[in-house]
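J.: Reproduced below are the annotations present in TrEMBL:
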- 2-279: domain 'Peptidase M50' (DOMAIN)
- 6-31: transmembrane segment (TRANSMEM)
- 227-252: transmembrane segment (TRANSMEM)
- 272-296: transmembrane segment (TRANSMEM)
Amino acid sequence: FFLGVWHNFVLGVASFMVLFLLPAILFPFYYTGVGALVTEVAEDSPAKRPRGLFVGDLVTNLQDCPVYNVEDWNSCLGDISEKSQVGYCVSAATLQQLSFPARVYRRLDGTVECCSNNSLTDICFSYSNKLDSHLYACLPARKVIEASKVCRTNMDCHKDFVPSFCVTPSLENQTRLIRVKHPPHIDMLYVGHPMHLQYTVSLSSFVPRQNFLSIDLPVVIETFCKYLISLSGALAVINAVPCFALDGQWILNSFLEATLSSVIVEKQNRELVGFLILLAGSALLAANVALGLWMVTAR
């Protein structure tokens, strides 16, 4: 009676071991820990631009957050989404040279916009000095960010006694300016919600050692193992539940006969105990199915 559950359990454990040992298994052909390899960029992705990401690019940094694998990519994007926008150190002379007069106005969400020339390269930055804590300048984003140190306050920019300011992009709520490093290509500057970047770019932690090796093979193996773990684990749990018409019904009956024969002598009473347990297990399983269907349809 327990044979089906046991085989599902063994298959799930074997798949988990393959998934866990996959870096070692594929080590002769793929190496890991050097970045996240882009395997697909959706057609509607904000990253699908001339200076965006392409299949085969190796992402090594998001802002000042290092990326060694796909987990780091997701973790960095999560941190960027939760934390406030970082700034960039710009010297006073450079700030004066790059900025140009622009009209300042507030958006509907209360944030400030100061670039009114509809440029795709300029972004409104905010900064503060000793006299005024709310100054704004429309600056070319790439010139400001490249070769600049990441900062949170002006104190982070004090170096070699050169007057510097920490300029922060003035963007709409939940929108971030993210610098994505994928050498040897020029850094991608992404403006938008971090989750849009996460959902539209597929990556892998495995980098082929030779050009003829497929970049999709490790992803296929990973996905196959994850599905095996999910399906086999779910089947093992469901079939083991004491429920009518499942393996759990016959497992329960055999267990009660083996353990309660000396305690409950009457077979009819043992069957009643088994029936009540089966009724509770069936109700529990039905409630979980109903809850799952409700959660899916409620979305």
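Using N, Cα and C of the backbone, Cβ positions are placed for all residues, glycine too.
TrEMBL labels come from automatic prediction, so no person has curated them.
Are these features on the surface or tucked inside, and what touches them?
T.: Sequence-distant contacts of the transmembrane segment (6-31) (same chain, at least 6 residues past either end, Cβ-Cβ under 8 Å): 205-210, 213, 218, 221-222, 225-226, 228-229, 232-233, 235-236, 239.
Listed by sequence, the residues of this chain that lie at least six past the ends of the transmembrane segment (272-296) yet keep a Cβ under 8 A from its Cβ atoms are 238, 241-244, 248-249, 252-253, 256, 260, 264.
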